[in-house]
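Per TrEMBL, the feature domain 'FAD-binding FR-type' maps to A:1-95. Taken from TrEMBL, the feature FAD binding site covers A:I62, A:V63, A:Q64. Here TrEMBL flags A:C221, A:C224, A:C236 as [2Fe-2S] cluster binding site.
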Amino acid sequence: MNKIVEKENFSEKVVKIVVEAPLIAKARKPGNFVIVRVGEKGERIPLTIAGADVSRGTITIIVQKMGVSSTKLCNLEVGDYVTDLVGPLGKPTEIHNVGTVLCCGGGVGVAPLLPIVEGYKKAGNRVVTVIAARSKDLLILEEEMRKHSDELIVMTDDGSYGRKGLVTEGMEEVIKREKVDECITIGPAVMMKFCSLLTKKYEIPTMASLNSIMVDGTGMCGACRVTVDGKTKFTCVDGPEFDAHKIDFDEMMSRLGGYKEEENDKMDHFQN
Amino acid sequence: MERSEEYIKNERKQEWRVELQKLTKAKDRMAIERVEMTEMAPEERIKSQRVEVNVGLTKEQAMLEATRCMDCVNPTCMEGCPVSINIPKFIKNIERGNILEAASVLKETSALPAVCGRVCPQEVQCEQRCFYVEKLNLPSVAIGHLERFAADFERESGVISVPKIAEANGIKVAVIGSGPSGLSFAGDMAKLGYDVTVFEALHEIGGVLKYGIPEFRLPNAVVDVEIENLRKMGVKFITNYIVGQTASLDDLREEGYKAFYVGSGAGLPRFMNIPGENSNGIMSSNEYLTRVNLMGADSEESDTPILRGKNVVVVGGGNTAMDSVRTAKRLGAERAIIVYRRSEEEMPARVEEVHHAKQEGIEFLTLTNPIEYIADENSRVKQIKVQKMELGEPDASGRRRPIPMEGSEYTIDATVVVVAVGVSPNPLIPNSVEGLEVSKWGTIEVVKDKMQSSIPEVFAGGDIVRGGATVILAMGDGRKAAKNMNIYLQEKYLSNKVEH
Ligand SMILES: Cc1cc2nc3c(=O)[nH]c(=O)nc-3n(C[C@H](O)[C@H](O)[C@H](O)COP(=O)(O)OP(=O)(O)OC[C@H]3O[C@@H](n4cnc5c(N)ncnc54)[C@H](O)[C@@H]3O)c2cc1C
Ligand SMILES: Cc1cc2nc3c(=O)[nH]c(=O)nc-3n(C[C@H](O)[C@H](O)[C@H](O)COP(=O)(O)OP(=O)(O)OC[C@H]3O[C@@H](n4cnc5c(N)ncnc54)[C@H](O)[C@@H]3O)c2cc1C
Ligand code: SF4
Ligand code: FES
C-alpha cells in the first residue's frame, strides 16, 4: 500500500500523482517504470517513473485515462492508497555524452521523456526537445522540459499552441539545421514509427520506448513481446527501450489492440 | 530428515504397530479394493474455475484404505519419495484412527503436505514403488489421497500445531521468492530461531501455487493456511519487492541480512519461435494462467481481461498444459484441444490430470506439432498449421524422439492458443548478483545436498536450480538449504559446532 501525497490535474484526461515509494525513489534510473494496481480486483498496469524525490521518498507518475485501470488510478485523491506498487522495472536508458541529442515526445509520452531529457542534459549533451500534443489543453510538462533542454519546440496538431504540425515536422527541421548524434522517441506507437522512419532516412541512431501490454512486468508472462531485429524480445525485461530502426512497429501496434474488445467490455461494465 | 534404516525398522516394531500388523491378515488386506476418490461431476465442475475436482476421502474411506498397507519390513515406497516421508508410519496412524498423529508424521518431512497430497506425481514416485505395484501387480495403496486426507483433517480440525520455535538468535536471513521452496525454507529457519523475511516480486505470496496451479486442483485457501502458519511462527512477508531491482543483495546486506535463500523459480516462458507466434490470441501458459488464477480474470468483477474462444488450442503435454486446457474449458470453450508432439505415454503431466481432462471433454491431438500460425486481417490468430509426428529412437530424456512426417500438414481452427512448452529459470537474480555461478541453462550452480552457491552466504533451490521441476523437490531443497545454512551461520556467527 502506497500513499498518494500530491495530485495535479494536467488536463481532463491527464493526471500527475506523487506517491510514497522510498525504495523505488532511491533505486530508479531514467527509463525505469513501475507496475501499479488499484483495488483488490485491480489490473496490473505499467507506468513510467517521471521523477523521484529521494529525500521525501516519493516518485511521480503521470497517467492518462485510457480504460478502467488508468481511470481508477486517476480517480484516487491525496491521502488515498495505491493497492500495489512494484519497481523499478525495465532497463534504464543508456545515457552517455554523445554530442547533440534530439528528444521527441508525444501525448502522455512526454512524461517518461522528462527524466531522460534531464539525464542527457546532466551528462553534458546539447539537448533539443520536441514535444507534441493534439491540442493546447493536452500539452503537458512544457515548463519542466524547457528548463532541462537547450531548446524546446512545441507542436500541436491543430495549431492551438506552439507550431501547427506533427512531431516529425519539428524534428526534420532540427535535423536539417544541425548535426544530431542520437534521437529518442516516446509516444503513441504510430508516432514512434514515423519518427523512426525519419531518423532512419538520416541515419541517426534512435531509441524508442515501447508501451506494450504487460501483466507481471518481470519477464514471467510474455504478454509484452515485440519483434526487434527479427527476434522476439520481452519489453519489460529486455526493454522498454529498443533500437527504433529494428522494431517491428506494425506488429507492436496490432498487439496493443490484442485485448481491445475485452477492455471495452470492462469499461462498459465499470461505467454502468 | 534423513533417518537410518535402523530407526525405521525399530519404529516398525513399536507396540501399536505390531498390534495393528496382527489385527488384519495380509490376505484380507490384499482383498480390499483401492479407494476411489470422490470427484465433482465433470459437467458440473467445468462451470467454475474455483470448484475443486477431488472432494477428498471420508475418515472411514481413509481408514479402510490405510488397512490395505502391509506395513512392509522394507517399505520401498519411501525410496520412491523424493523427501523420504515415513509413509508406513503415517498410514498406520490413519489405520488406527489417529489422524492428527498421521499429520504430524507427514510434517516431520514435508512442509506442505496438503499441497503435496494434491499435486505430487505419486504414480511415478511413492505409489510406483509400492509393494502392491512391484510385487502383486495390483493398484498401489493410495498414498497421495491419504496424505491429503491427513493434512486436510488437521487443517479442518482447527488444531493445527504451530511447531516449537527455538529461542531467537537475532540473525536475519532473507528469502527471495515465496514459492514452495522459499516457504519451506522459511519454516525451517524460523523453527531454528532465525529472523526470517520473505521477499516476493508479485503482490501475492505462494509462487506457482497461486499464479500457476488453478484452484480446481489446489484451492488458495489451502495455501493460505500454510502461509498463516508461517506468520504465526514469526516469518515476515514483503510483497511487491523484487530483489535485484527494488533493492540489491548488497542493500539487504547493509540492512543486516546475514544469508540469503534464492527460491526465485523458473518463471521465464519458452516459445517455439515459429511463424506467426506473436499474433494476437497466442500467449504463454504463464500469461493465461496468471490472468485467471492471480488476477481473477474468470470473474466479471476483475479489471483484468482474458481472451475467450470457441476453439482453444493448448500446445504441450505437461501439468501446465493440462491446467491451461482445463481452464479454457471452464472459460467456456466449446472445443479445448491439447496438441502434443509425442504420444500420451510420454506426457509429463500427472496421470490423474490427464484422466480428469478427458472426463471434462478435452480433446487430445498427440503426435502432432504446430509449425505455423495463420492470422486474420486484424492479426488475430484463426488457424494453426500442424504436422503429424512419429516416434523414433529414445533421446537424452529417455523418451522416444518425435520425428516430423513429411507431407502430413493440415490446419486446425482456433482463436485462442496457449503455448505451454516449458519454462526457463528466472534471470532476475542470476543477472543482478555478481559472482554467482550460473550454468549455461541459466540455473544457479550449487553444491549438491548443501544447496550452497558460489557465494558462501547465498543458498538456492527449487526451480531456479533445477529448471522446471516439482513442488516436492522445490520443498526438499528448501529444507536441505535450511539445514546447511544453519550449520554455516552457527559456525560463523555463534561459534557453535553443529553436528553435520
Ligand atoms: C513501459 C510502459 C510505460 C508506460 N508509461 C505510461 C505513463 O507514464 N503514463 C501513461 O498514461 N501510460 C503509460 N503507459 C501505458 C499504460 O500502461 C496504459 O495506458 C494502461 O495500461 C491502460 O490501461 P487501462 O486499463 O486504463 O486501459 P485499457 O482498458 O487497457 O485500454 C483502453 C484502450 O487503450 C488501448 N491500450 C491499452 N494499452 C495501451 C497502451 N499501452 N498504449 C496504447 N493504447 C493502449 C486498449 O487497446 C484499449 O483500446 C506505459 C506503458 C508501458 C508498457
Ligand atoms: C501451471 C503449473 C502447474 C504445475 N503443476 C505441478 C504439479 O501438479 N505437481 C508438481 O509437483 N509441480 C507442478 N508444477 C511445478 C511446480 O509448481 C514448481 O516446480 C514449483 O512451484 C517450484 O517452486 P519454487 O519455489 O522453486 O518456485 P516458484 O513456485 O516459481 O516461486 C518463485 C517465486 O519467486 C518470485 N521471484 C522471482 N524472482 C524474484 C526476485 N528477484 N525477488 C523476489 N521474488 C522473486 C516469483 O515471483 C515467484 O513467486 C507446476 C507448474 C506450473 C507452472
Ligand atoms: S510399499 Fe505400499 S504397502 Fe508397503 S508400506 Fe509402502 S504404502 Fe504400505
Ligand atoms: S509483462 Fe510479463 S513478461 Fe513482460
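Placed from the backbone N, Cα and C atoms, the Cβ positions cover glycine too.
For the domain 'FAD-binding FR-type' (A:1-95), the model's average pLDDT works out to 95.
Closeness to chain B is evaluated for the binding-site residues A:V63, A:Q64, A:C221, A:C224, A:C236 by Cβ distance, with values under 8 Å counted; counted residues in sequence order are A:C221. All protein chains considered, the CB of A:C236 ([2Fe-2S] cluster binding site) has 27 other CB atoms within 10 Å.
Only A:Q64, of the binding-site residues A:Q64, A:C221, A:C236, place a Cβ under 6 Å from an atom of ligand 1. Spacing of A:C224 ([2Fe-2S] cluster binding site) relative to A:Q64 (FAD binding site) is 20 Å (Cα to Cα, whole number). Here the CA atom of A:C236 ([2Fe-2S] cluster binding site) lies 19 Å from the CA atom of A:I62 (FAD binding site).
Taking a Cβ cut-off of under 6 Å from any atom of ligand 4, the binding-site residues A:I62, A:V63, A:Q64, A:C221, A:C224 reduce to A:C221, A:C224. Counting other C-beta atoms within 10 Å of each candidate's C-beta, the binding-site residues A:I62, A:C224 are led by A:C224. Each residue contributes its Cα atom, and for A:C236 ([2Fe-2S] cluster binding site) and A:Q64 (FAD binding site) these two points are 20 Å apart. Of all the Cβ atoms in the protein chains shown, 27 others lie within 10 Å of the Cβ of A:C221 ([2Fe-2S] cluster binding site). Mapped onto DSSP classes, the domain 'FAD-binding FR-type' (A:1-95) shows 13 helix, 43 strand, 39 coil. Cα separation, A:V63 (FAD binding site) to A:C221 ([2Fe-2S] cluster binding site), rounded: 24 Å.
Taking only the Cα positions, the spacing between A:C221 ([2Fe-2S] cluster binding site) and A:Q64 (FAD binding site) is 25 angstrom.
Shown in sequence order, A:K13, A:V14, A:S70, A:G107, A:V108 are the residues of the chain, 6+ apart in sequence, with a C-beta less than 8 angstroms from the C-beta of A:Q64 (FAD binding site). Taking the centre of the Cβ atoms of A:C221, A:C224, A:C236 as the [2Fe-2S] cluster site, the nearby residues of that chain (Cβ within 8 Å, site residues left out) are A:S212, A:M214, A:V215, A:D216, A:G217, A:T218, A:G219, A:M220, A:G222, A:A223, A:R225, A:F234, A:T235, A:V237. For A:V63 (FAD binding site), the Cβ neighbour count at a 10 Å cut-off comes to 24, with all displayed protein chains included.
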